[in-house]
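Enquirer: To start, I am sharing the structure in question, which I have written as structure tokens.
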Amino acid sequence: MTKVLVLYHSMYGHIETMANSIAEGAREVSGVEVTIKRVPETMDPARFAAAGGKTEQSAPVATPAELVDYDAIIFGVPTRFGNMTAQMRNFLDQTGGLWAKGALFGKIASVFASTGVGGGQEMTITSTWTTLAHHGMVIVPIGYGTAEMFDISHVGGGTPYGATTLAGGDGSRQPDARELAIARFQGKHVATVAAKMKG
């Protein structure tokens, strides 16, 4: 059984929605077991709620130590000024012990993201890759492997590096059908690669 983890941070629910679609796609691959988890929220709960954060998220909270249990990890990261959120950065900064043991070396990794008005979505994905490369993970982008990537009839997310969604400046825009289709493709593609590599 190939084990895939969809690991995310989501403040307003956009990445949570994308994570569910990523998982749907991964579950389409035979012999793959998919788990969705989130990183711990580091904001004070009262401040998080006051900022409009989505406090009800069904995914359990992950610990860095359990990353070794998976063959592939698909990271969901909101964009903050062209980088991952501090919550995801804090989580990954706790994986130094895993790095020292080479515990994630050779595991599959992929990244999807959200952003307000499009600024930094690609940079967020590629800057996240840097950390994953230090672990020796095998990074799987999505290229232009799905027809939705060529649909430019309206403004929306989607990059060859990974699925993205545009949340709008106030966060009111939710992932649309095209963005979710790209997310499902990413999940299926990564799970397929992971299953092939596991043999």
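Cβ coordinates come from backbone N, Cα and C, glycine included.
I grabbed these lines from Swiss-Prot:
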type: DOMAIN; residues: 4-190; note: domain 'Flavodoxin-like'
type: BINDING; residues: Ser10, Met11, Tyr12, Gly13, His14, Ile15, Thr79, Arg80, Phe81, His134; note: FMN binding site
type: BINDING; residues: Tyr12; note: NAD(+) binding site
type: BINDING; residues: Trp99; note: substrate binding site
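Situate these features within the shown structure.
Expert: The local packing around His14 (FMN binding site), expressed as other Cβ atoms within 10 Å of its Cβ over all shown chains, amounts to 27.
Tyr12 (FMN binding site) carries neither a helix nor a strand DSSP state and counts as coil. The number of other Cβ atoms within 10 Å of the Cβ belonging to Tyr12 (FMN binding site), over all protein chains shown, comes to 18.
Cβ neighbour count for Trp99 (substrate binding site): 15 (other Cβ atoms within 10 Å of its Cβ, all protein chains included). Trp99 (substrate binding site) carries a helical DSSP state (H, G or I).
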Enquirer: How many neighbouring Cβ atoms, not counting its own, are there within 10 Å of the Cβ of Phe81 (FMN binding site)?
Expert: 8
Enquirer: I need the CA-to-CA distance for His14 (FMN binding site) versus Trp99 (substrate binding site), whole Å please.
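Expert: His14 (FMN binding site) to Trp99 (substrate binding site), Cα-Cα distance: 30 Å.
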Enquirer: Specify the count of other C-beta atoms within 10 Å of the C-beta of Ser10 (FMN binding site).
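Expert: There are 24 of them.
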Enquirer: Give me the count of other Cβ atoms within 10 A of the Cβ belonging to Thr79 (FMN binding site).
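Expert: If we count other Cβ atoms within 10 Å of Thr79 (FMN binding site), we arrive at 25.
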Enquirer: Quick one: Cα separation, Thr79 (FMN binding site) versus Trp99 (substrate binding site), in Å?
Expert: 24
